[in-house]
Amino acid sequence: MDRIRIVGGQELNGVIQISGAKNAALPLMIASLLTAETLTLDNLPNLADVNMLLRILGHHGVDHSVDGRRLGAAPNASRPVHLTARDIVDTTAPYELVSKMRASFWVIAPLLARMGEAKVSLPGGCAIGTRPVDLLIMALEKLGASVEIEAGYVHAKAPKGLRGAEIKFPKVTVGGTHTALMAASLAHGHTRIVNAAREPEVVDLAECLVKMGARIKGAGQSVIDVEGVARLNGASHRVLPDRIEAGTYAIAAAMAGGDVMLEGAEAGLLQSALDVLVEAGATVNVVNEGIRVQRNGAGLMPVDIVTAPFPGFPTDLQAQFMALMTKAKGQSRITETIFENRFMHVQELARLGAHIRLDGDVALVDGVERLEGAPVMATDLRASVSLVIAALAAEGETMVNRVYHLDRGFEHLETKLGGCGAIIERLSG
């Protein structure tokens with residue numbers, strides 16, 4: 001199993017190219033199931049999750065190629081990928097596939113909308129009553145689907161097609177909004193999505209669906225209107241830049257000090273995070289090429305944050321920002337409002353010398369003068385990169401274990417940081 005070795009204390013200086021957004025790429029790829037024609041996606045990141053989803057889509061009959069050549073289960077997804085679901089060969093998504101990636105549950109919407117039936121395994125680890133797919137199921141039922149949950153599978157049927165309706169989410173849900181958009185695009189009549197997620201990745205999906213012939217208005221606002229159409233066509237679409245990757249490297253630059261250009265990053269996608277970095281003591285400039293982040297040795301200041309749906313501070317940057325605050329001059333308060341149990345990185349940061357106290361959904365971080373390298377273990381995607389950020393400022397060597405979590409969401413992380421002066425290497429075995 002791979003590990004990443006980091007020797008801290010080096011400034012970061014250089015250019016980091018921001019990849020396409022994983023959180024946009026996955027629903028865009030799933031949208032290929034809505035049409036028999038080819039959907040071409042450019043700027044797909046070359047990530048474990050992207051390549052796994054290609055395998056899952058292939059199970060349903062999606063053919064994928066790059067530069068006109070059919071490839072295996074793990075293509076070089078950094079080039080334009082052509083996805084063609086000419087024939088849906090299976091409307092069942094089995095547990096052994098869905099359990100590998102939670103987002104793959106979203107295939108239920110296009111399969112149901114196009115074929116009138118879908119049977120999809122509940123994602124691994126879902127507890128009845130608290131599972132995040134409840135709102136997705138509610139959206140499908142509002143559109144007229146009959147849904148049964150049996151033996152760990154969600155079986156949805158709409159033999160006469162889906163019918164437009166008002167879908168009012170009790171809380172903001174990105175996955176629910178993705179599901180509603182894809183299903184409503186092929187439903188009969190008008191659908192209104194109320195309390196819709198406003199995330200840029202939702203807007204990106206809507207823009208792609210419109211290119212495919214969908215009639216959608218209001219994406220990026222809390223109310224979205226969809227007028228269903230009989231069929232969707234193929235299209236070409238470029239995945240938007242990854243705001244979470246950009247925010248992560250911006251935080252890394254603030255942590256290590258130095259001068260980093262985030263090429264291709266769009267400030268409008270992560271303004272709340274950039275504002276917080278400025279409060280903490282970094283200098284942030286938006287230029288034609290992207291975003292430039294600098295910190296010249298001045299100490300970090302403590303800043304309180306509360307995670308919130310877009311345009312608030314993203315929960316996917318919470319762990320990274322906590323790592324930054326471990327070196328601030330004073331106490332910061334971090335409140336997590338989106339996900340339960342998203343402080344799994346705290347114990348591992350403590351192994352590096354961080355002082356963090358937990359009280360429910362609040363973490364109180366008392367900044368320390370020095371962090372010290374140590375062996376640590378990644379528990380999930382965002383937690384793993386928070387350990388890398390802390391290690392950049394720690395004295396001595398840090399070994400991050402279980403880095404397969406990193407590979408799910410960060411393209412060539414050690415190469416990008418190493419190119420800016422970090423002492424970082426991947427060790428196999």
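For all residues, glycine too, the Cβ spot is worked out from N, Cα and C.
Swiss-Prot annotations:
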type	residues	note
ACT_SITE	C126	active site, proton donor
BINDING	K22, N23	phosphoenolpyruvate binding site
BINDING	R102, R131, P132, V133, D134, L135, D316, I338	UDP-N-acetyl-alpha-D-glucosamine binding site
MOD_RES	C126	2-(S-cysteinyl)pyruvic acid O-phosphothioketal
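Mapped onto this structure are the features recorded in Swiss-Prot.
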| residue | record | Cβ neighbours (10 Å) |
| --- | --- | --- |
| K22 | phosphoenolpyruvate binding site | 26 |
| N23 | phosphoenolpyruvate binding site | 23 |
| R102 | UDP-N-acetyl-alpha-D-glucosamine binding site | 18 |
| V133 | UDP-N-acetyl-alpha-D-glucosamine binding site | 21 |
| D134 | UDP-N-acetyl-alpha-D-glucosamine binding site | 15 |
| L135 | UDP-N-acetyl-alpha-D-glucosamine binding site | 19 |
| D316 | UDP-N-acetyl-alpha-D-glucosamine binding site | 23 |
| I338 | UDP-N-acetyl-alpha-D-glucosamine binding site | 19 |
Using the alpha carbons only, what distance in Å do you get between V133 (UDP-N-acetyl-alpha-D-glucosamine binding site) and N23 (phosphoenolpyruvate binding site) once rounded? 17
D316 (UDP-N-acetyl-alpha-D-glucosamine binding site) and N23 (phosphoenolpyruvate binding site), distance between Cα atoms, whole Å: 10
Coarse DSSP state, helix versus strand versus coil, of I338 (UDP-N-acetyl-alpha-D-glucosamine binding site): coil
Just the number: how many Å between the Cα atoms of L135 (UDP-N-acetyl-alpha-D-glucosamine binding site) and K22 (phosphoenolpyruvate binding site)? 22
Mapped DSSP class for D316 (UDP-N-acetyl-alpha-D-glucosamine binding site), helix or strand or coil: helix
What does the structure give for the C-alpha distance between I338 (UDP-N-acetyl-alpha-D-glucosamine binding site) and K22 (phosphoenolpyruvate binding site)? Integer Å is fine. 19
Taking just the CA atoms, what is the gap between D134 (UDP-N-acetyl-alpha-D-glucosamine binding site) and K22 (phosphoenolpyruvate binding site) in Å? 23
